[in-house]
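Trainee: First, the structure itself, so that you have it in front of you.
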Amino acid sequence: GQHGSSPVTLQSTMEEAVSSPPAAGGGSGGAPVSTDLASGGSKVLGRHARKNDYFKIGQGAMVKDRSASGPVEDDADGVCTEGSWEKKLWLASLMDQLEDPLGPAVTLSKLFTGNEILLTHWCTPALVNDFARMIRHLGPQPRLINFFEAICSVGEKPVKANQEMILRLLWINEAERRKVLLSVETLSPADVDALVGKTDHPAGAELNAKVRSPSSDRLLPTTKEAREAAIAAKPARDYLGNEVHTKKPPGFDPVFVSWSGADDWKSRKTEDKLFWSAKAMGLQHTLQRTPGGDTLVRIEHFCWVLEPERLCFPILGTRWQVMQEDMKQNPDLAAQYKNQRQLAGFFVGELKLFARLCFGRSYNCINWLQQTFTYTLLISMSDNRYLPYQVRAA
């Protein structure tokens, strides 16, 4: 009734265990508190659990505490100390399941993003290398690249030690970079001409024209007369990106993406290839520096799959509804589209990672990355209306 005793619930039992002070002599004010859950017979231990108590992690085996007797101590911030067996068990259990696609990697990323103590104690070169190994083994999954972004900061506070650790292990190490990351570069019209001339493509002139076709408005979105009048009224001085306007012909050089790919990625014998090759994904209008080398793909042709409703027709010349019908009839075409979309999503995560590496004016990271991501390259991508908005915003 209303005046009777309050019902005993799991929450009230746990709160009582947490709030009750330990008895003299190292006890916990009585027997250690444990409450059987409805499924699996798992037990929840109170804050002052003794070493003789057992509990179950998920569906795993029973685990017994082997630490010294007495209550489990918390530090000043209310988090178990590094020597605490509880923290080691649950975090180690989570790490053991990182390859599971159901969410342990995402959970770990969220935990580290909001907890500086966990981030400091557990984000080590070994953990970074383990995630890099999973990318090589499982392929370019956005949830894995997003982990690197997550450990670069806590809230709005940069963690420079982690930023530079990722830079050292994944970027400066070129051999590792080729295995886990995509590359971005610009090519001048002369470079494009030279590469097209090296290829024995039956439609070399058409390929050259498509590669060099402007992918954005080239210059500021004003009329030619207004632009010329503005330049005549105020002569240009030395400023960032001035070569875009002063070179002949003016405009941004095209941007290309490349990666280490394999035509039969599923049956590869080594983990030195990131994903399927451009040929295996059916990508057109590509270039190659050397026979058998990495394929260069125009960034517009690579990323359109992230916004197919808007970009399918401008890039491929085919209506998205027509292509959807084609994929229903052709499973191979549907698989190619799915693989390309996965790799493009990974590429967006990579761009966000690079931005997070530079977060908080991390100048060591900035000095390395700006050698590839020049000012004009970034402006070209952000100005390119034939790129998905998430790529332009990254």
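In case you wondered, yes, glycine gets a Cβ from its N, Cα and C as well.
Quick paste of what TrEMBL says about this protein:
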type	residues	note
COMPBIAS	1-14	compositional bias 'Polar residues'
DOMAIN	97-171	domain 'RIH'
REGION	1-43	region 'Disordered'
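Provide an account of the burial state, proximal residues and distances for the features listed.
Mentor: For the domain 'RIH' (97-171), the DSSP-based tally of helix, strand and coil residues reads 52 helix, 4 strand, 19 coil.
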Trainee: If I take every residue in the domain 'RIH' (97-171) and average their pLDDT values, what number comes out?
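Mentor: Taking every residue in the domain 'RIH' (97-171) and averaging pLDDT yields 88.
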